[in-house]
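The transmembrane segment feature in TrEMBL is assigned to 28-48, 68-87, 108-129, 149-171, 183-201, 207-223. According to TrEMBL, the domain 'CAAX prenyl protease 2/Lysostaphin resistance protein A-like' annotation covers 152-244.
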Amino acid sequence: MSAIAPNSKPASGIGDSPSVRWGLGDAIWVWLAALAVTLFAGAAFAALRGALGGSGSSGDALTDIWDLVFSSLIQNAAIVGFIIVVSHLKGVGSLRRDFGLRLRIRDWWWLPVGSVISVGSAILLDPILHFMGKPPTQAVVTIIDKSGGVGALAAALSVAIAAPIAEELLFRGLVLRSLQRRYRPAVAIAVTSVIFAAVHPLLDPKAILAVVPLLILSVVSGIQAARSGTLSRPIWLHMGFNAITAAGLLLN
């Protein structure tokens with residue numbers, strides 16, 4: 001896989017530094033801890049709403065959309081927060097040096113590339129969708145579709161901006177770089193891509209049809225992360241990919 005060669009190891013040699021002790025185990029606990037924090041915060045948010053006399057309940061469009069926005073922001077913030085802890089305890093204390101977190105304006109053109117991947121994947125899946133009849137609708141799609149208004153806009157922005165940053169930091173940052181220290185770039189990218197694509201249906205089984213598009217996105221993002229040594233291109237790619245979904249939901 002010679003196309004990956006230019007920067008096949010983490011930038012600045014950080015991944016090979018004796019002072020770096022983070023690895024796949026940290027990625028697992030970060031993901032699980034962020035999920036636990038999200039569930040706890042969601043329950044606390046619902047209890048607080050009830051204590052303050054809120055009339056909304058699960059199934060109410062307005063309540064569901066703001067629960068979704070709150071949970072999404074908490075989960076993404078928790079992922080970033082826990083990775084900061086990992087960086088300080090087991091790395092060099094810098095998200096940029098440990099995991100390549102950086103967003104360069106000059107890489108903006110990867111945004112439309114991500115959108116093309118999203119649209120192209122949908123076209124490839126179209127024959128399968130016709131064969132299956134009406135495909136299952138993801139929970140997040142149902143909630144946003146029912147709500148509309150400011151809540152839907154907030155959810156769409158979370159999907160298009162917050163999620164890509166947190167997920168790229170976790171998967172192309174912590175997971176991919178951990179694997180790069182052990183395996184060839186092609187293997188590290190392949191394993192990371194499978195993990196990334198498989199995680200989404202675990203939280204929402206109706207997202208099973210999104211596995212193929214997510215796998216394609218992850219492979220392209222992984223190659224660019226390995227080549228450039230930063231997360232700038234993957235973040236722009238991911239934002240462009242998610243922006244198509246967000247725009248489609250808002251237009252509906």
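Including glycine, each Cβ sits where the backbone N, Cα and C put it.
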Whole-number mean of pLDDT values that fall within the domain 'CAAX prenyl protease 2/Lysostaphin resistance protein A-like' (152-244):
94
Relative to the transmembrane segment (207-223), the stretch among 108-129, 149-171, 183-201 with the most Cβ pairs under 8 Å is 183-201
Same-chain residues near the transmembrane segment (183-201), Cβ under 8 Å, at least 6 residues beyond its ends:
1, 4-5, 8, 31, 167, 171-172, 175-176, 207-208, 210-212, 214-215, 218-219, 222-223, 226
So which residues does the transmembrane segment (149-171) touch in its own chain, when a touch means Cβ under 8 Å and the partner is 6 or more beyond its ends?
27, 30-31, 62, 65-66, 68-69, 72-73, 75-77, 79-80, 83, 95, 99, 101, 103, 140, 143, 192, 195-196, 218, 221, 225, 231, 234-235, 238-239, 241-243, 245-247, 249-250
